[in-house]
Structures are given as C-alpha cells and as structure tokens.
Amino acid sequence: MGFAHLDGRTRQTKGVLQQRALVRRPSARLAEGLLTHLERQPVDVPWAVEQWNDYRQVLHDHGWETIEVPAADECPDGVFIEDTMVVYGDMAVISRPGAVERRLELPGAEVAVRALGYRLARITEPGTLDGGDVLKHGNTVWVGVGGRTNAAGVEQLADLLRPLGAEVVPVPVEKVLHLKSAVTALPDGAVLFHPGTIDDPSVFPSVLEVPEPEGAHVVLLNGNRLLIAASAPRTAELLSQRGYDVSSVDISEFEKLEGCVTCLSVRLRGV
Ligand SMILES: NC(=O)NCCC[C@H](N)C(=O)O
C-alpha cells in the first residue's frame, strides 16, 4: 500500500509510491558556474562527475529512480536542476531564474517533467524565481526573497499554489544564495539552520540549530532516512543521535559553486 502526496494531502493508493528524482549530468564547463558569496576555486570536473554518480547511487539505494534530464553542456550550472522548477502535487511550476544566463537550462527540464505527466505552469516576467528558494513542508511553502527570487516571483507562485491548498510564506534572504542554502526541513517539519544565515528563524514554527552551515541541508530519502553532505559530520552525528538514519555524500566540487545536496535533484513523490 502506498501513499501519494498530491495537492498537499496524503492519499492512500493501490500502487507502491513512486519515488522519482530528476537529475542532470554536470557540464564540462562546471568550473565556470556562477558565484555570489564564495571566491572561485579550482574545480575537478571528473571528480565532480564521480560525486554526482555517488549522489545518484544513494538515491537508488533508498528506492529512488533517477531520471536524467537532457544534458545542457553549454550551461555550467545545469547540474543544479532543483532551480529550474517547483513541484507541488501534480503541478510543476517552471522557474524563471534570477540569473539570466541560467534560463538556458529550462527547456530540457520542462521536457522531462512534462513527459512524467505533470501539469505545467511557469513564472513569467517581471517575476524571477529559483527552485532553490522554495522549501516545502506539508502544505506550507516558504519562499526566499531578495536574491534570485523577487517579490513578483513569490506572488506568482502563491497565486499558482494557493488553489492547491498551499500556504506561501515569504522569507527575506540576503546572506546566502538561496533559502535552501540556509534551511531545509526534517520529516517532522523542524527546520535546520545555522546561526548567521537567515535573519529571523522565528518565521519557522519549529527549528533545530546545527553546528555547521552545510548541516542545514538535508534531502529526505524516506521515513527517517536522510542524505547530508560529507562536509557536515557533526550535524550527521547530531541527527543520528536523534534517531535518523543518515547517509553522507561528498559533494565538495559542487559546494565550491555554492551548491548543496538539495540542488542536485528534483524529488518527485507521486504515484
Ligand atoms: N538550489 C541551489 O542552491 N542551487 C545552487 C546554484 C549554484 C550556482 N552556481 C548559481 O549560482 O546559480
């Protein structure tokens, strides 16, 4: 017996829940990726590809099917597929990245999610929105605003998701690239954060402070299983002590480009 999380509600389904994740292979031009808050460092692209394969393997080990979005080799940041869309229930909202150069990444992402049967909507001018600015838990959708995502983008997303039962909450973000560079949520809704990344953590009903910035990023695999970056060993230990089954993956080459574990996939939890 599976459960489908559509329209923000959980419905029992006859089938086994399909866990599918969109991923996109790193471009050979990865080292040219955009930087906002970090100094540029040399990037070992072949090692990045190995890390990307390891990331996919952890998803596979936990029952996820990864679906490769058509390559975008001319897009250095194409591997950060999370930014191209926001999926809620049976709707995929195609983003309008705040960085103009990343808009070339959208066509392949749109083809892939349409082929999976999702209804499509899109953010349009003057709105901008990156998927990395959108954190969902239950029917609450927190959206980072002030960096790559502007107020018009938040408003458009709210207009699209409210009819599906979502409550959209804007969160000012300026110290880090995206909202999910600062916070992600545990299965129980507790929001992980490291001091100094967001001004006002009280916007979240429940928070858990973590000992390192990278510890704020987790991917929910299923049940109590989490994926975290190898650069957050103290947080991995903290979460293990709280009863979570934590898998670590080294994504050092992506972190050099302000990427994190959530950026490398779009997780689709549907039937
Ligand atoms: N969701 C994310 O946090 N994506 C990371 C994007 C990093 C990329 N170098 C950028 O600046 O757009």
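Positions of Cβ are set from backbone N, Cα and C atoms, glycine also.
According to TrEMBL, the feature substrate binding site maps to Leu35, Asp77, Glu82, Asp83, Arg102, Arg148, Leu257. Asp83 (substrate binding site) falls within a helix when secondary structure is assigned with DSSP.
Annotation note: His178 (active site, proton donor) sits in a coil segment as assigned by DSSP. The Cβ of His178 (active site, proton donor) has 28 other Cβ atoms within 10 Å, all protein chains considered. If you look up TrEMBL, you'll see His178 marked as active site, proton donor.
Annotation comment: TrEMBL describes Cys263 as active site, nucleophile. Non-local neighbourhood of Cys263 (active site, nucleophile): Val79, Phe80, Ile81, Glu82, Asp83, Gly132, Lys180, Phe254, each in the same chain, at least six residues away, with C-beta under 8 Å from its C-beta.
Taking the C-alpha positions, the distance from Asp77 (substrate binding site) to His178 (active site, proton donor) comes to 14 Å. For ligand 1, the nearby recorded positions are Glu82, His178; that is, of Glu82, Arg148, His178, these have a C-beta under 6 Å from one of its atoms. In the three-state DSSP scheme, Arg102 (substrate binding site) is classed as helix. The Cβ neighbour count for Leu257 (substrate binding site), using a 10 Å radius over every protein chain in view, is 24.
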